[in-house]
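Structure first, then comments.
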Amino acid sequence: MMKFTKQNFIFLVGGIIIYVVDIGVDFWVASKYFCQGQYSWSILILCFRGLSSLITQIFSYEWFKNDWEGTNTGKLKWIFLVHVFQCGIFIRYWFALKYGCQAAFKQNSIRDASETDPPDYIQKKAVDAVTDINMLRVFKTFLETTPQLFVQIYILMEHGKNNSYQYAAIIMSFCGISISTVDYQISLRTSLPDKVEFHVLPKLVYLFYKLLTITSWILSISLITLLSVRSSVILVIFLWICGFTWVLKQHTTFCKSKKMEYLYRTVVGIILIFTFFNIKGRKTKVCISIYYATHTVVTLGILSVYMFWKPSIIKDIHFTIVSILTILSLVLGIIFLIVYYRHFHPTAYCRPQEYSDEVDGEAGQRVEIGRFQNFIMQ
């Protein structure tokens, strides 16, 4: 099992600070647009914030309810109230800080673990608490941060106005995507059977693969939005339908209830609009090849449409820069993808299991199945 170190604790504190700053930047940007009379952009940013917050609170409370099923009924009532006020993530950060501090700084004087608890009880609680936060941050990244990045880039391309709050929003979006994708992959590595270590080089390769492919795709959608908002909406809806259908065919078993499972599948469908994730922990060489080949074809198709539909715009320096960035980030992203999968991707996968406790036939004891084993795996 991965040990929760002092470095992990520092990163956890940094994550809290970035999370709070991100909230402040969102409301600052929304207020700036509102004061300028650009109400639609202000409302859209707040809608992304509200939607991601609502969905993450629902999943967070559901996980608390599953973990505390049959016990702590009194605590669940105030936990529910905190989630109603959209502050559930701070409760999770509190538990992560509590167990993380004990695991990182007080490993020789842990008093929270009872005699029946295994020796690594606090270590496991700390890792599990951080893993839950990372899963929720994946939802937030693709329900709020990535769409907001698209909106800010589109506004810059459409209106050509450079304001400090727009750059602040774009920088925070890139920081949010970077941190959540790397932290997610680290949490995934801790759940793999072979416990492959995630060193600095694999982290950087994985980060650039995700960041560059997502950036290229966002620029492509922004370009087609400049031509026709209706066309971009149709494209996004079509991509979500394809992703949602594929998730349905995988018969995921992440949640206990059917309603939560369909909500989970809906959210994963949205995630698949922007990037690929393996939701069953199996080899997906064919699927990922089809996914990024489709993105490449669509991206080249959008640039071709510009060349034939609006040939005059080719002379525009802004279009030239955006086109070069789109192609360059796509090519580099795919190169990093290939390097990552050929040299750094683990060969062992978590076998998907039902979301419940199983009985170990040899030991005759109940074995807890980690939540991450049924989450998006790649």
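Backbone N, Cα and C atoms are what each Cβ position is placed from, and that goes for glycine too.
Features reported for this protein in TrEMBL:
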{"type": "TRANSMEM", "residues": "9-29", "note": "transmembrane segment"}
{"type": "TRANSMEM", "residues": "41-64", "note": "transmembrane segment"}
{"type": "TRANSMEM", "residues": "76-95", "note": "transmembrane segment"}
{"type": "TRANSMEM", "residues": "165-186", "note": "transmembrane segment"}
{"type": "TRANSMEM", "residues": "207-227", "note": "transmembrane segment"}
{"type": "TRANSMEM", "residues": "233-250", "note": "transmembrane segment"}
{"type": "TRANSMEM", "residues": "262-279", "note": "transmembrane segment"}
{"type": "TRANSMEM", "residues": "291-309", "note": "transmembrane segment"}
{"type": "TRANSMEM", "residues": "321-341", "note": "transmembrane segment"}
Spatial neighbours of the transmembrane segment (291-309) far in sequence, C-beta under 8 Å, 6+ residues away: 213, 216-217, 220, 223-224, 227, 235, 272, 276, 319, 323, 326-327, 330, 334, 337
Contact set, same chain, for the transmembrane segment (207-227): CB under 8 Å, 6 or more residues outside the stretch: 146, 149-150, 153-154, 157-158, 174, 177-178, 181-182, 235-236, 274-275, 292, 295, 298-299, 302-303, 305-306, 309-310, 322-323, 325-327, 329-330, 332-334, 336-337, 339-340
For the transmembrane segment (262-279), distant same-chain residues with Cβ under 8 A (at least six beyond the ends): 55, 58-59, 138-139, 142-143, 146, 210, 213-214, 217-218, 236, 239-244, 246-248, 250, 252, 254-255, 287-288, 291-292, 375-378
Surrounding residues of the transmembrane segment (76-95) on its own chain - C-beta under 8 Å, 6+ positions past either end: 12, 16, 19, 53-54, 56-58, 60-61, 64-65, 68, 125, 129, 132-133, 136
